[in-house]
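Asker: After the structure tokens below, expect a handful of questions from me.
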Amino acid sequence: MSIRSRIPGSLLAVGVAFGLAALAYGGGNAAAYAVARGLGLFGIDPTPRQGFVLSVLTLQLVFFTGVSLLYLRYRGLTPADIGVRAPTLEGWIVLGVGFVSMIVLWLVGSIGSFVVGQRLGIEREPQAIFDVAQQDPLIFVMLGVFSLLIVGPTEELLFRGIIQTRLRETFGVAAGITLATALFAVIHLAGFGSIEAGLLGVSVLFFVGFVLALSYEYTGNLVVVALMHGLFNATQAAMGYLGVRYGDPDAVAAAIGLLLL
């Protein structure tokens, strides 16, 4: 009897899901750090823009995509098996409704987390990338473009196409979606400066991510949720850019702390 056959199916599914997420996220960040340190040995100190590009290419493009494709190959699956195809008319409608729902939940959730944070004395913090982008607004533009082309597609490939599908096979639709969405939210915890602020932030991301999970389950189309995710991130980036570029810096900092929590 193999070791795998002696592991309960539910435990194996959770282990695979967490393992894939940890390998993609941990490996990608470690590789990006190693590349940056390697450049430093040659006297090259990446600028914030260059560091951002390095992070996206290493983490999302190489590791998220690489881990996902390796898993598909291991399972004998193709991208078409997880919904990589052109959206139907219904898919485009779901994309529009889902995108609007994400924006509404993001705004309502951010306000709610702001109120909770105020009552508990937790200082609000945006994700680290937005903090950096306030110093260099062009990073907001780059974030918007990369979100559509790389971040949205690769994160959805891993978390919806691979992890959600794997968990759903074992736990069914409701539990599979919930577990995958929770993992999607928790993995963003490292992007915040403190655990307390991070917990408030990921609580909002959970509900936003749940829309993506439901949309993928309903349409079975990965392109729909990849575009939805990319548009959502690009909208955040556009608001950040316009605020920093044309608004009052102090007011913008407060707004970003509220809306991008």
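Backbone N, Cα and C define each Cβ position, glycine as well.
No curator has checked TrEMBL annotations; they are predicted automatically.
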Asker: Scan 26-44, 197-215 against TrEMBL and say which stretch is down as transmembrane segment.
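Answerer: That would be 197-215, the stretch labelled transmembrane segment in TrEMBL.
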Asker: Would the transmembrane segment (137-159) count as touching the transmembrane segment (52-72), i.e. at least 3 C-beta pairs under 8 angstroms with sequence separation of 6+?
Answerer: yes
Asker: Need a quick answer: max count of Cβ pairs under 8 Å to the transmembrane segment (92-117), which of 137-159, 197-215, 222-242 is it?
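Answerer: Ranking 137-159, 197-215, 222-242 by Cβ pairs under 8 Å to the transmembrane segment (92-117) puts 197-215 first.
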Asker: According to DSSP, how is the domain 'CAAX prenyl protease 2/Lysostaphin resistance protein A-like' (140-234) divided among helix, strand and coil residues?
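Answerer: The domain 'CAAX prenyl protease 2/Lysostaphin resistance protein A-like' (140-234) comes out at 87 helix, 0 strand, 8 coil.
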